[in-house]
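Encoded as structure tokens, the structure appears first; notes follow it.
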């Protein structure tokens, strides 16, 4: 079995594959201090509690956008699984042609998203929107060339910034409020978060499609934990919540001989 870990600024999203079958997904916060022992014990426990034997994990693949945690990830996998993790980063085989002066700094999670999307939809123009701490937009041509993208503040990050800087505003549940005008402060915050982001998403889709693909057809893919919030708004052609961990698995398989 293959263990995949996507390490983000807010949480770690993990998955276990047996062949092409996704057996398990799980999440753990990545905020605060995380030791290799804490993470290693967590991984063993979550596997066992879901009926999976940690000893049957043969490979570990990781995408990380939190450099400070990388050593922790490495040490926990070595100590508790006896495996050295494969890390997505510059120099690996991806099948993606990334050009530009900042190519080496494209997030590992975004690279993994692209790898998976190209595998699912070969020879198609793709726009991938990943919703997390930040919303990222990545355009991939049908020739597997990275055309560019954008980074937007995420929904939960927007809410946290708002309540930290406005004394009378409190945290609310993030959801579709069903209307843009509300009689309550809670509903007004929810409307601002939802419709403000929805409007930005639509604008980014329109502009990126035009700039990167012209009049050619493209597939818009939504992914990431917060992506489900906008699924009913029909801004995506498809919502694939596990895209990043699939991409990690494929990258690991492509680089076994490296």
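Glycine too: its Cβ is placed from the backbone N, Cα and C atoms.
Fair warning: this is a prediction, and the values are worked out from it, not measured in the lab.
Copied over from Swiss-Prot, here are the features:
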type     : residues                        : note
ACT_SITE : 109                             : active site, proton acceptor
BINDING  : 6, 7, 8, 9, 10, 11, 12, 13, 133 : ATP binding site
BINDING  : 107, 108, 109, 110, 185         : substrate binding site
BINDING  : 130                             : K(+) binding site
For the residue listed as 'K(+) binding site', name the DSSP secondary structure in the helix/strand/coil scheme.
strand
Least buried of the binding-site residues 8, 107, going by other Cβ atoms within 10 Å?
107
Between residue 6 (ATP binding site) and residue 108 (substrate binding site), what is the CA-CA distance rounded to a whole number of Å?
9
Where's the emptiest Cβ shell within 10 Å among the binding-site residues 10, 133, 185?
185
Could you tell me the C-alpha distance between residue 107 (substrate binding site) and residue 8 (ATP binding site) in angstrom, no decimals?
10
According to DSSP, which kind of secondary structure is residue 6 (ATP binding site) found in, if we only use helix, strand and coil?
strand
Compute the centroid of the Cβ atoms of 6, 7, 8, 9, 10, 11, 12, 13, 133, then list the same-chain residues not in that set whose Cβ lies within 8 Å of it, in sequence order, for the ATP site.
30, 65, 66, 132
